[in-house]
Amino acid sequence: MSFAKTKHAVEEGDTVIIYVNPQAMYAIQVKPLIATKKGDMVENIFQTAYGALKVQELVGKKFGHKVQFSRGWGYLLHPTPELWTLNLLHRTQILYTPDISLIVMQLDLKAGSIVVESGTGSGSLSHAIIRAIAPTGHLHTFDFHQQRVEIVTKEFIDHGLETFVTAKQRDACKDGFDLEDTADAVFLDLPNPWLAISHAVKALKNSGGRICTFSPCIEQTQKTCEALVAKGFKCIETMECLQREFQVKNITLPDVDDYNFSFSQTTDKDSEGNGKKEGRKFRALLPALQMAGHTGYLTFATWPRQSSVQI
Amino acid sequence: MSFAKTKHAVEEGDTVIIYVNPQAMYAIQVKPLIATKKGDMVENIFQTAYGALKVQELVGKKFGHKVQFSRGWGYLLHPTPELWTLNLLHRTQILYTPDISLIVMQLDLKAGSIVVESGTGSGSLSHAIIRAIAPTGHLHTFDFHQQRVEIVTKEFIDHGLETFVTAKQRDACKDGFDLEDTADAVFLDLPNPWLAISHAVKALKNSGGRICTFSPCIEQTQKTCEALVAKGFKCIETMECLQREFQVKNITLPDVDDYNFSFSQTTDKDSEGNGKKEGRKFRALLPALQMAGHTGYLTFATWPRQSSVQI
Amino acid sequence: MDVNLILNDHFVLVQRKSQMSLHQLPKKEGKQWTIKVGRDLVDLSSALGKPHGTFKLSRNEENKSKAFSLVPSNDVVEMKEKLKDLNSGENNKEIWDDGKSQQLKKEDIEELRGQGLTGSEIVTQLVENSKTFQIKTEFSQEKYLSKKEEKYSEWVEILKPNIRHLAKYFHSQDPMQILNLRPDTLAMIMSLANIKSNGKFGVFDGGCQGLVTAAILDRIQGFGTVWNLCLKGISQKRVIQAMNFSPEQLKPLKNANLHKVKESLKKEENGDGDEVPAAKIIKLDEDAPQPLELGSLDGLVVLCRRPNAIAKELVKLLAPSGNFVIFCPYSEPLCETYTDFRECNLAVNLKLTEAWFRLHQVLPLRTHPEVNMSGSGGYILSGIKVVS
Amino acid sequence: MDVNLILNDHFVLVQRKSQMSLHQLPKKEGKQWTIKVGRDLVDLSSALGKPHGTFKLSRNEENKSKAFSLVPSNDVVEMKEKLKDLNSGENNKEIWDDGKSQQLKKEDIEELRGQGLTGSEIVTQLVENSKTFQIKTEFSQEKYLSKKEEKYSEWVEILKPNIRHLAKYFHSQDPMQILNLRPDTLAMIMSLANIKSNGKFGVFDGGCQGLVTAAILDRIQGFGTVWNLCLKGISQKRVIQAMNFSPEQLKPLKNANLHKVKESLKKEENGDGDEVPAAKIIKLDEDAPQPLELGSLDGLVVLCRRPNAIAKELVKLLAPSGNFVIFCPYSEPLCETYTDFRECNLAVNLKLTEAWFRLHQVLPLRTHPEVNMSGSGGYILSGIKVVS
């Protein structure tokens, strides 16, 4: 129940984020009991890098405050789609926040939008879509993999989002979406998105809408663009978005990196004594040495208002 | 004669660079007379943004020093391939320093290398190749366009580089290079580079070598990579290189951008008086708002030592 | 809900190929309203009352030199289709561009325009008077025609402004007028500030023309509250105006003058003699009759050139576990803010990032990244407020 | 000129798929020299006297558990070719990765290794014991096999080190050990410093292991002079050593201790009581018997973490119109240097740049940029010295 509306303190059933450090975060559901491998229900004790946490004790605790583990502490955070993306269990490759953000904005999503998504995957994008379109919109999400649909359906219920989303097992390329003149936007993350374009057209509102396809390979994008042109989509745009993260470091260089040399000064012994350490100190913005160089190509297009539609 | 060996003062016949500012540089050849449109020989007077320059008066002037124009001054610079790239007359799209640098290094060029280049284009890359391989190497450069070959041949002579380069008119895809077991490296900048791969193989030394192709479109690169695999090239790598330029600016924000506000301070009138202007001053590294987002894909590969070659 | 007709007093975007411009239609009905589209004069008022969409520039038959009228039309004919029967060469080997291949001079073209020729008629003239067009390759011809189309196309789109268009438009016109906030960076801000309906958000806009506020108002469609936090002067609102929001869509927007918020705070403080409590309720001026509390916002966006001091103060308005995003066109001030926030243990998940964004041309046999790209779209410092 | 045989005392690069390592062969002949390639032991000395190239890891028949010997071989068989007759699925719909599809455990694999199985034999076992391999798509199978090949391939390349390989190798191992100087940035430095034969160049290497000096020595092949400018301590030379340079190739390299250069300068100055002239000849220590003059270098490269003070001094060694490149892993010090140079009118064509570099996978139907890229390759300030 915790994604849908912001609250200040934890209630039983909520999914919360336990933040220890940027490399150690955990998404846990606040339930008194948990099933063992054998199926027995036992007290829900969560093991962090800094010791155990009795999950039920989180009830009533305030978000944004510290929580104690047996050998340390962390922060209790309200879940957001971004934190969920970082902490969900990967069933597939997932979309990350830079691509997700572009998709949501470029599809013109807002409260009230009706959206079709295929495939659901691990539900990373779904959570961000639901946030954008609630409380009056609806997400129809499809995956051809039955197990994925079952897991994500349970997650939507656990997160209190079930009224805003319908998840179904379906092979979108073969069987379409079984929706007509309904959607404001369609998102396709499929190996062969071009096979689903005609189904997307059927699902889109006759008054017009937007489509987005995500493909890791350029050959997929090329085929998709051709299909979009052939079907009559307009404003077809393909884009790439990467994110570069910086570290901020206060650097004090070691003595050996201090090159206090001058051809013209008569004594450099003197100058070496003066404010030497200060000269070796500075604050630097360091780009991460490694970064994601590619996720996929995003192609967006507009489905124009059909002439059959009266204003 | 000025590219081949560094000199300190200008001699007649040298090509020199007149630097006024980053947006105004000129490459001129120091000759007393110049032909008018009608073909008459008249005194060589060059018009800069800051007035006239009598070109012959540059003889004997020292590089790196100021030169006077009738209404201002500039600097007299020794030519380099990089300055030539910025100032040459475009007959075609040209390669720029980031790509050129990668090409020269990834082709393992050094003094003594024998190189094949096709097409010559406007000679931007050729000058950098010659710098890298002189005085003992040689560049064989080809273009299917007769006029381009004539112009670049004259430029090589004017620049004192004619002993290091042979420029010929030739349709490389159809007719090959007429070279066998000769080249350490081959560079192809052609609309259909894959058609020239077998000719490149013939030109390359049987003891092995490197190849590079430059193509703006990914489809060309795909076909080229397939052809390279088919011909037995190894270590095939495709890369992109972009350059981001920064401006350094000392910024002093206007008064309106100074948000000296605090919920807890009792009087913010006081604080506004204290070192306010200093707080609005800082030095910023500003990335250029616009940059080149694409030049082409560079594909490199190794031609392995042929088993026929004895060590 | 959506108004889909072109109406008086409303804003529209007029697009010819890649060129866009923003116009407000006259307040009064019946008034003629002529705008410039490239080098052409167009009577925008001729589109009034019609749905947004594609229009053809059409000549007034009586007086050819007057402004074009707009006629709804979906039968766009691209120039390359018109001219596709022409010959083309195999390669550009025979072409030597000496700048003389076009025999029409600038003055000739201006005269053709003056005679009231349509765009495609002018381009046909240009092609017929080119010595090299017919020996160019098909791809070169297409490139040439699509370049000419930018100037001469007879079709324009009259678009209803939305955030996607406006973000692109304002950034392409003069990036620094919106602090170089690029559309993809705007998209990131919306995510990282956790913008959603029924939330309470604060925006401090130090020079983005209301772009982020407009994006939030559009996203939440009337559900929730957006506080426009300001210190003095006129608040940033150009993009908000251009969105043609209905009163319902504008309802969430409240103004909060921070000085007045502070005054109320002081009165309260003097009243009971205590320290300022973390979630004290403050009454605001007439603009904002609803109370703005410290520690009450779900999300906060700060956009300015020098956020160092103000951002730290504004975070006090945020609820614990609330999300903040600080945007700045420069990295250096954010670097300081980062250090400051870290030292004060104000937040977790602190990230200083920059986005890299590039468009691609995807065409058969001609797929490649666009040759022009933006070198910078601003820097973002984001995080989640915690209580230490 | 080139030595193309694997010889004692020389360095070689050993490459298995994407993994590279640098090794020096023993100085003495006849000594066995075992190295680790991934998890395999390989007797590198078994390659001595043979040309550089492709070798097969081959088992000593008598004792299967000992190190692999190297046998020259060009008949590389990739695993995907070996296994191409296997079935594959149409899509991954039926696959649910529960981490249990591989039935061989880590210990089982170690045991197979211990039994002396070759890499392809182990991979065959892995494939046979996978519950999902045969229903994976062909592309998924290929991806799986090329991942396994990284660990188990029986072919290695013994490469003669060159600058291209070494620049990549040192940057991939630990970028900061060479101040994060990325290969493409190195290439830019070589251009912007106008490196060419028969020139006089100076390199101040504050932590790049001699990479740039080695690149210059390689480029000029004995023609010209390269001054290794240093202040104290051991000069940077690891890359120079790894290049196996001949005495002729090393001839251009001269050491210049800047303190000694300065001392000579002072003596000269005291001698004739004048200011230091712009092109005074200075005698140097035993390491560098040839004279290094102020204002004499054609090009200068400065590589360090904090170039601010030293770069300005070293530019005095450069001839007017000479090219300089200052490389730094951080932007901030270069920002200061930029301002300083500009204020002092020391140079024209001043440019502060950063390169962006990305590799691409180009395979039929699977073309895309590599998913891992370097986020930074250092910053460059370049310019041309002028006399104002």
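Using the three backbone atoms N, Cα and C, a Cβ is placed for every residue, glycine included.
What you see is a predicted model, and the numbers here were worked out from it, not measured in a lab.
Binding of S-adenosyl-L-methionine is annotated in TrEMBL for A:S122, A:G123, A:S124, A:L125, A:D189; the matching candidate from A:D143, A:D171, A:D255 at the same site is A:D143. With respect to Cβ neighbours within 10 Å, the binding-site residues A:D143, A:D189 differ, and A:D189 shows the lowest count. Ranking the binding-site residues A:S122, A:G123 by C-beta neighbours within 10 Å puts A:G123 at the top. Other residues of the same chain near the S-adenosyl-L-methionine site, with their Cβ within 8 Å of the Cβ centroid of A:S122, A:G123, A:S124, A:L125, A:D143, A:D189, are A:T92, A:I94, A:L95, A:E117, A:G119, A:T120, A:G121, A:S126, A:T141, A:V152. According to its DSSP assignment, A:D189 (S-adenosyl-L-methionine binding site) is coil. Counting only same-chain residues at least 6 apart in sequence, those with a Cβ under 8 Å from the Cβ of A:S124 (S-adenosyl-L-methionine binding site) are A:P81, A:W84, A:T85, A:L88, A:I94, A:L95, A:Y96, A:I100. Here S-adenosyl-L-methionine is bound by A:S122, A:G123, A:S124, A:L125, A:D143, A:D189 per the record. The longest Cα to Cα distance in that group is 13 Å. In the three-state DSSP scheme, A:D143 (S-adenosyl-L-methionine binding site) is classed as strand. Every protein chain considered, the tally of other Cβ atoms within 10 Å of the Cβ of A:L125 (S-adenosyl-L-methionine binding site) stands at 27. DSSP classifies A:S122 (S-adenosyl-L-methionine binding site) as coil under the three-state reduction.
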